[in-house]
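Participant: Questions regarding the structure given below will be posed in turn.
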Amino acid sequence: MPLINVIPGDKIPLAPMNVRLPAWRVPGWLLVFWWLARGLFRLTVLAVRYWWLTGPAALALWIRVELGGLALAGVALTVAAGCLGWWRWHPSSWLRFGWYPLLARVRALVIYRRRWASVMATCGLATAFAGDRYVPQLLRVRCDRYGDELTVRLLPGQIPDDWGQAAERLAYAFRLRTGQARSTNRPDRVVLRLVRRDPLAEVVGPLPVAEVPDFDGLALGVDEEGQPYRLRLSGSHVLIAGATGSGKGSVLWSLIRALAAGIRSGLVEVWAFDPKGGMELAAGVPLFARFAYDDPDSMAGVLEEAVKRMRVRAARLRGVTRQHVPTPQDPLLVLVVDELAALTAYITDRKVRDRIKEALGLLLSQGRAVGVHVVAALQDPRKDVLPFRDLFPTRIGLRLTEPEQVDMVLGDAARDRGALCDRIPESSPGVGFVVLDGVREPVRVRFAYLTDDDIRQLGHDYRHHSDTDTDQGVNP
Ligand SMILES: Nc1ncnc2c1ncn2[C@@H]1O[C@H](COP(=O)(O)OP(=O)(O)OP(=O)(O)O)[C@@H](O)[C@H]1O
């Protein structure tokens, strides 16, 4: 007879063993003694845990009792003067070893630990199991100039993306505005960064031009740690998306500036495409080997020329090397497109549009290894542009108008991982998130801003070594 209604798996016994105990009579004094002992033990644990509060308090009490109030005031003044002296003498070490650790302890105690359980529950990060409720453990709080970093042990079943999704809610729950979660090298932990003060509030001026451009790390702006942000161009294409006025121009110009020394020496050729009539890029014409604008047919022609050059180079390098190394005889070719959608979507002539799409597709899929790179700005993340998105290993999202546009441009789950492009205020042009293929967390950056005068000066100082072949007769 076959077995029916059998569930494969380990059966959980309802009552693994008999836990019923016989009734015991406990005398009242023993209970009181037990409560007192337990209370004393907990107090001792708290006193040891908060030694940085209890230690000085005990010392102050001892001085007050043994030596009097005047001595206590003297000691307090000496400590205050010591801290002040340290701060004046060596501010960075005072902040690093004195002020921020103290601030972190106080904020952990007064803000984070006090409200931890309720915030976890209301932000959906607590869980229940077998009738008990569990909240993630707050392991450490660190402070720096701009924010707090909370290291948290994940509950079973949680992943860093859960914290990424809740980061903004958590920030507001702790009365801050922005939050971001990132994974660590330990799979049971996540670091939540809550921003107290925006480190990218200040406008970043033009960065110094390197004598020889480092294609593996072009300095384009500053990151949240105040360090120069370096973008790898070698082996990559760059897509920049942002609403109107979000500062796409500042990314393009920062990148061109970082390449400027190579442009002058002939190591780099920039071919510029400005389909919006040349308004954005015209100021830097002396820097460009080719400058195409306005006329779609001629832009298609220049793109096809780039494809031809790419093919010739690929044929020459095949079997010789797997990665092109730029030289003045064989320069790096950087195609800068100011509005990608104007090339791929808005052109009415279907034939020309198809030619452009085909050339772009070829350049994006085959150009990286042979030193042909596309850097394209995009205002409108429409469907027509999306087929190209995945061919850009580096994607930059500036301010966007809708939350849905973030994943559309930067890739799936980019917003959950912290690329809150739709929350960038209009008052912060040039701020954006950089997403690199294969790198989980986006990096928040403020790109350097070049005024028209800076761009003209750049064109004057770093003129392309042979600027006679500019397309369509646009000359400096
Ligand atoms: N990195 C930056 N830092 C500070 N201010 C900036 C920055 N980038 C741009 N701005 C300011 O924002 C304004 C708009 O910038 P920009 O024209 O580059 O935006 P855009 O995204 O290219 O807009 P559009 O799509 O309309 O051309 C600039 O005139 C400038 O005042």
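Counting begins at 1 with the first residue displayed.
Just so it is clear, glycine is given a Cβ too, placed from its N, Cα and C backbone atoms.
A TrEMBL annotation is a machine prediction, not a hand-curated record.
So TrEMBL lists these for the protein:
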TRANSMEM  32-53  transmembrane segment
TRANSMEM  65-87  transmembrane segment
DOMAIN    226-407  domain 'FtsK'
BINDING   Gly242, Ala243, Thr244, Gly245, Ser246, Gly247, Lys248, Gly249  ATP binding site
Participant: Sequence gap of 6 or more, C-beta under 8 Å: which same-chain residues meet both conditions with respect to Gly247 (ATP binding site)?
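Facilitator: Gly247 (ATP binding site) has long-range Cβ partners Leu398, Arg399, Pro429, Gly430, Val431, Gly432, Phe447, Tyr449.
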Participant: List every residue in the same chain as Lys248 (ATP binding site), at least 6 positions away in sequence, whose Cβ is under 8 Å from its Cβ.
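Facilitator: Listed in sequence order: Ile240, Ala241, Gly242, Asp338, Ala377, Leu378, Gln379, Leu398.
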Participant: For the ATP site given as Gly242, Ala243, Thr244, Gly245, Ser246, Gly247, Lys248, Gly249, which other residues of the same chain have their Cβ within 8 Å of the site's Cβ centre?
Facilitator: Gln379, Leu398, Arg399, Pro429
Participant: Using a 10 angstroms cut-off on Cβ to Cβ distances, just flag whichever of Gly242, Gly245, Gly249 is the loneliest among these binding-site residues.
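Facilitator: Fewest other Cβ atoms within 10 Å, among the binding-site residues Gly242, Gly245, Gly249, is found for Gly245.
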Participant: Given Gly242, Ala243, Thr244, Ser246, Gly249 as the binding-site residues, which ones have a Cβ positioned under 6 Å from some atom of ligand 1?
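Facilitator: Once distances to ligand 1 are taken from each Cβ, Gly242, Thr244, Ser246, Gly249 fall under 6 Å.
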Participant: As a test of the contact definition, list every same-chain residue at least 6 positions from Ala243 (ATP binding site) whose Cβ is closer than 8 Å to its Cβ.
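Facilitator: Counting only residues 6 or more apart in sequence, the Cβ neighbours of Ala243 (ATP binding site) under 8 Å are Gln379, Leu398, Arg399, Leu400, Thr401.
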Participant: Among Thr244, Ser246, the binding-site residues in question, whose Cβ has the most other Cβ atoms within 10 Å in this structure?
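Facilitator: When each Cβ's neighbours within 10 Å are tallied, Ser246 tops the list.
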Participant: Where does Lys248 (ATP binding site) sit in the DSSP three-state scheme?
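Facilitator: SS state of Lys248 (ATP binding site) = helix.
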